[in-house]
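All remarks here apply to the structure that follows.
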Amino acid sequence: MTALIELKGVEKHYGDYHALRGIDLEIRAGEFFSLLGPSGCGKTTLLRTIAGLEEVSSGSIRIDGRDMKGVAANHRPTNMVFQSYAVFPHLTVAENVGFGLRRDPRGKSEKARAVEEALDMVGLAGYGKRRAHALSGGQRQRVALARALILKPKVLLLDEPLSALDRLMREQMQLELIRLQRQVGITFILVTHDQEEALVMSDRIAVMFEGEIGQLADPETLYRRPATKRVAQFIGKMNFLPGALSADRREIDIAGLGRVATADLATSGEIDGAVSVGIRPETLAILFEGETAPRREVQGVVSEVVYYGDMTYYDVRVDGIDRPLTVSMKNLIGRPVLDVGAAARLAWDERALVLLPG
Amino acid sequence: MRGAPLRVYAILYLLFLYAPITLLPLFAFNDATIIAFPLSGFTTHWFTDLVANAALRQAVGNSLFIAAMTAIFATLLGLCAARAGAMARFPGKGGIIGFVMLPLVLPEIIVAVSLLIVLRQVLGLNLNNWTVISAHVLICTPFSIAILNGAFQNLDPSIEEAAMDLGESRFSAFRLVTLPLVMPGIISSMLIAFTISLDEFIIAFFLTGANPTMPVYIWGLLRFPAQLPVVMALGTILVALSVTLLIIAELFRRRGLARAGIKDTGGFL
């Protein structure tokens, strides 16, 4: 598939502050792409450089084969949904949605029909005559979406569009955005600091730290084979254990767990020097009466219990590991919740381990 | 009644504030040249005298022209400053905005004397309406900035960007989105600047040329006791005008807030 958006060596400096450091990125046509990272990592700045709202300090941005240097936001084939939605409060919903059609040569009634269709698409049919400032947050969001999509851009840019909504509304909008993206087939680029949101919605995710891309992968790869400890920590929870590679690099001695063959471990590339091993809490299991570990087992003591209703998170101390291992257990029928101090047998599986640098 | 002393205080305060002003219309319609009680009957001939006085008409004309020009220029400058303050990022912003606001607290007599020196001695200009306008713009701009700052701070900085993103140029984004949203602030600012300029005395006294402004002319009239009721009549008109303008300014400010869907957080009235 060819790249719709190509970024080469994109840098953005504000005085001494480097907001973006040498970003190379290709985003494919029709893709739901996410820029994920903690606040201040440069993800919004990157989105704004694609939109043309910020000039790049150096490097190039091409959209659909065209160099965007010197092309202002109003001449780019992109449209944006702002974090604050930026709905024009002095206009009606229909005037907001039709705002971008001012220069459209189509007749008045055709434009009105296009506005109706756009409103219908985002579930706001019949809201056209309402004043924009009288709408709820979720409705404003939909107006902002309709307003951008009516122009049929090549790329829709979404800057933390769901962060101002409450949890229920957010989950509903996530699914709706996915549906909408499939329906219109436009490339979506989403900026978010919410890892779950990125995992749920995206085809591919670029995880950013301090103006650089830490890892670029599809959600499953990102979760199962994070490239660094930092990515692993940012996406879901993970236990880290120090490990020592054998001279021939075929085996690794993991603190508290023992030796395993490196071939069994997931990794996202060649790793030199110091290594760690990552284990997700849900890949560990506490063994109850009469259960046996399918592969490997280690003895520990429960040091902390956090009950979540559907799940219970345990911290389990294991000899030879300085920090307790976090284990998540589904609260299945008949399964007791253990107390602090209880002995626990942990089942683990080398195939769920991730080899990480550092 | 725990609130009683406070209520008395509030009433006395308002009385002290407004009682002298209520005397204006009282004596403006009183049929006597001497400003004293008891009143001696109703008349409107102070108002006809007022209209018949050519020099006074000239002074009022000067003042209206100066006030209108001041309102326009102060608001234009205030618009630029408020927009920069709200939307732009540049080094030394705080200091620069602070300096622009300084004339708000500078004693007017200082401003008047220094401007007189600069205009007459340094630049060698003749004093006329425009010298007064330049000084009035100086003292009115901070008020305009203060009013327009409110208008801009209620504005989401993304909305101008959103308009550009939707295909408008920087200028038309400003015209189509920002301008309508701050328009009530602009009108409010123009009315306030107009009112301030209209009754400003000290600066006008120093900087008017051959044609005095209305307050300066009134001050001249005070030397002739027989003319005092005419001044009262003029004062009555001015008070009515000022109050009307302030009310209009406040109505526009509130309408602006309502239009942008923002809760009211203070104002003039």
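Each residue, glycine too, has its Cβ placed from N, Cα and C.
Quick caveat, the model's predicted, so the values are computed rather than measured.
Per TrEMBL, the feature transmembrane segment maps to B:7-28 (among others). Residues 35, 39, 46-47, 228-229, 232-233, 235-236, 239 of the same chain, all 6+ positions outside the transmembrane segment (B:7-28), place their C-beta atoms under 8 angstroms from a C-beta of that stretch.
If you look up TrEMBL, you'll see B:34-52 (among others) marked as transmembrane segment. Through the fold, the transmembrane segment (B:34-52) approaches residues 26-28, 225, 228-230, 232-234 of its own chain, all at least 6 residues removed from its boundaries and within a Cβ separation under 8 Å.
For B:60-249, the entry in TrEMBL reads domain 'ABC transmembrane type-1'.
Sequence-distant contacts of the transmembrane segment (B:64-84) (same chain, at least 6 residues past either end, Cβ-Cβ under 8 Å): 90, 93, 97, 100, 129, 132-133, 136-137, 140-141, 143-145, 147-149, 151-152, 178, 182, 186, 189-191, 193-198, 204, 213. TrEMBL lists B:64-84 (among others) with the feature transmembrane segment.
Positions annotated as transmembrane segment by TrEMBL: B:96-118 (among others).
Per TrEMBL, transmembrane segment is recorded for B:130-152 (among others).
What TrEMBL lists as transmembrane segment is B:172-194 (among others).
Remote same-chain residues near the transmembrane segment (B:201-222) are listed as 55-56, 58-60, 62-63, 66, 108-109, 111-113, 115-116, 119, 126-129, 131-132, 135-136, 139, 228, 230-231, 234-235 (criterion: CB distance under 8 Å, separation of at least six residues from the stretch ends). Annotation comment: TrEMBL describes B:201-222 (among others) as transmembrane segment.
Beyond its flanks by at least six residues, the transmembrane segment (B:228-249) meets 21, 24-25, 27-28, 30, 32-33, 35, 46-47, 49-50, 53, 56, 187-188, 191-192, 194-195, 198-199, 214, 218, 221-222, 268-269 of its own chain at Cβ-Cβ distances under 8 Å. Residues or ranges marked as transmembrane segment in TrEMBL: B:228-249 (among others).
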